[in-house]
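For reference, the structure is listed below as structure tokens.
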Amino acid sequence: MERPRGAADGLLRWPLGLLLLLQLLPPAAVGQDRLDAPPPPAPPLLRWAGPVGVSWGLRAAAPGGPVPRAGRWRRGAPAEDQDCGRLPDFIAKLTNNTHQHVFDDLSGSVSLSWVGDSTGVILVLTTFQVPLVIVSFGQSKLYRSEDYGKNFKDITNLINNTFIRTEFGMAIGPENSGKVILTAEVSGGSRGGRVFRSSDFAKNFVQTDLPFHPLTQMMYSPQNSDYLLALSTENGLWVSKNFGEKWEEIHKAVCLAKWGPNNIIFFTTHVNGSCKADLGALELWRTSDLGKTFKTIGVKIYSFGLGGRFLFASVMADKDTTRRIHVSTDQGDTWSMAQLPSVGQEQFYSILAANEDMVFMHVDEPGDTGFGTIFTSDDRGIVYSKSLDRHLYTTTGGETDFTNVTSLRGVYITSTLSEDNSIQSMITFDQGGRWEHLRKPENSKCDATAKNKNECSLHIHASYSISQKLNVPMAPLSEPNAVGIVIAHGSVGDAISVMVPDVYISDDGGYSWAKMLEGPHYYTILDSGGIIVAIEHSNRPINVIKFSTDEGQCWQSYVFTQEPIYFTGLASEPGARSMNISIWGFTESFITRQWVSYTVDFKDILERNCEEDDYTTWLAHSTDPGDYKDGCILGYKEQFLRLRKSSVCQNGRDYVVAKQPSVCPCSLEDFLCDFGYFRPENASECVEQPELKGHELEFCLYGKEEHLTTNGYRKIPGDKCQGGMNPAREVKDLKKKCTSNFLNPTKQNSKSNSVPIILAIVGLMLVTVVAGVLIVKKYVCGGRFLVHRYSVLQQHAEADGVEALDSTSHAKSGYHDDSDEDLLE
């Protein structure tokens, strides 16, 4: 589609409407740790901590959708309807397991969080706020359920009827710690902030007055939920070792802080007055003992991020306005410069995904193009290969469609921006080694964007479409324990269409697709894929949900209330193991409006537990059953036991995905294109980049110049193949020193009183230095060659389309001190 500049035409808004802010954010998610991103003009969406947070407000109604249908139907042609049998007595079973709760308040927004895993505990915070001329009046109510939302109890008295600051959300502790922190609003003249803490799954709360005013939500250590850190409004870094009972300021002038492994804290600090003034000159510090001792591990820092086992820093280059990514795998003790193009002030880097084996890195293109290049790393995170050109990633708002399909290893989906400004979806099944278009669903026709009505592709709507306010209520959905299932909105043609999308499903991790539902829907997965539930996205009141017990082939509709509600959100426990779904919305009369939830338990639909005969063997990534390499991805095959579509039974909460791996012989598919090589579109072999032909491949690693001899291939990080093809590849140490990083803490840590000593030493050694230079010039031929080789590699990076430009200081002018979201998203 053409890149929309605003909301799509024809999207009507109901004056009072409903706004859904649906955020499913697991704690410490790497997902997209964006480095250097120029901040959006508006404040970013607030991020709730904890396993999952869902927030709804009374704004903006959804655009109109199809009228809900009753009964049952099959995806595809109407003639196939007779293939779908009606589940016996499902209406009576669901009616007996539908629970309504009406919330007796008129709050304008609702936030919901699960506390713990499989505990059934849900906290709901409702907020009502009226801004007055000078101050604002606010009221909060807190509700608790311990049966997955079937019943709620008002526990506002446990927080002394205090107004809770919704921008901090509900900070839920990791794992099953049962810890909850709510940040309260305090009067302007107070010495510090106030929090309410619970360590028993919100049965009781303790009020604690803070010695500082918090700037950010309390951050739990992933290893010990008693350890907390927070930033103050005065940029102090505060740490608690006893779940917030007592706090200690361990450092001042802090811009951004993050927990690392083993309770390590990384943070940036300014030295010249403010984070804004020092952007690009920040220092990166580390403490391994909660603030007793510190080590400066980097200077000239623009931003930093964590992903997998890698620590990243964006560093200002010497005597330049460009930045380079540096990588450490030992918590910052040593650094190496990533073999990536440098970026200018108006550009950014973004960590799209990172695990223990590799990194997906986006490098923005110069200018306001809205796209860049995806690079994939080696297992050290240092040497990168080009993976995908013209990757859509807008600078305004910072939107990318990059999606990790968690239901099948190695699969990612994203969008590219074509030269005609149309947006197309691409998918990789081998962790970025090769990208291709999504296959056209068999039960769909090509739309008006297709030049050939018989040949087109499926294009997926994700974050970018949502940001442009298209009629797309949800991003793509997949779950690790619902093997192979992917659900997404999309259109079928030559590019993404602005027309009303339909919902598509894949049951094999994205290899094949089928239209599942007509028109936009909200959807969720229950019982590890045993049930899929959907609700139509409509601006009219609704009272119908749809569900499928065969991975979206056949659908039943159920009227959950006789009084339709204005729908605001669909909520289910994270992890896709629950049998319960909650429908949230409100009812409205002439003068009143009330929040209401309906929780539907599907336990009686799947009455029996699944047995061995209910499962069948499925070979993942299978595309050619006659080929001995069929199913080989990243060096091995995986056979799964999957629930038969015809089996109506319950996987249960204890269900564990059963899989049997087997190693494959190595082939071209097990190799990425090496440094200096790329795969043309729809090609399997790697070819040399034109701008590198005739040049020797040399790069700087750990301060030593290395020479690369390659046939164009390097093994994909994490690939398990053995034997078979083994392309020649050799890295040789040239025994020459080079600049492997721009971080040099020792220079920054020099005290001012050491300057005379340094000057004296320099004066005494001046003659020796001059003589040494003359000797080197006369007898050593490698020095000039070394500098030349390094500059050649830099020219290659620039020729690759990401050269350094004169800065317009977009990033700096947009940065503001009161938000850590500007440095890393």
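Residue positions begin at 1 at the first shown residue.
Any Cβ shown, glycine's included, is placed from N, Cα and C.
Bond annotation: of Cys610, Cys632, Cys721, Cys738, only Cys721 is listed by Swiss-Prot as forming a disulfide with Cys666. Swiss-Prot gives the label phosphoserine to one of Ser377, Ser684, Ser752, Ser819, namely Ser819. Here Cys610 is paired by Swiss-Prot through a disulfide bond, and of Cys632, Cys649 its partner is Cys649. The feature region 'Golgi to endosome transport and interactions with GGA1 and GGA2', as given by Swiss-Prot for the ranges 189-237, 434-482, 777-825, sits at 777-825.
Swiss-Prot lists region 'Intrachain binding of the propeptide and the extracellular domain' for one of the ranges 48-59, 264-275, 300-311, namely 48-59.
Among Cys554, Cys632, the one Swiss-Prot lists as the disulfide partner of Cys84 is Cys554. Matching Swiss-Prot disulfide entries to the candidates Cys664, Cys673 identifies the partner of Cys632 as Cys664.
For Cys456 (disulfide bond) paired with Cys554 (disulfide bond), the C-alpha to C-alpha distance reads 26 Å. With respect to their backbone Cα atoms, Cys686 (disulfide bond) and Cys666 (disulfide bond) stand 16 Å from each other.
With respect to their backbone Cα atoms, Cys610 (disulfide bond) and Cys673 (disulfide bond) stand 45 Å from each other. Counting residues per DSSP class in helix, strand and coil order gives 0 helix, 5 strand, 7 coil for the repeat 'BNR 5' (326-337). Note on the repeat 'BNR 7' (426-437): its mean pLDDT in the predicted model is 94. DSSP labels the residues of the repeat 'BNR 6' (375-386) in these numbers: 0 helix, 6 strand, 6 coil. If one looks beyond the repeat 'BNR 8' (504-515) by at least 6 residues along the same chain, the residues whose Cβ comes under 8 Å of a Cβ in the stretch are 75-76, 405, 407-408, 411, 413, 427, 429, 438-444, 458, 460, 484-490, 532, 551-552, 620-623.
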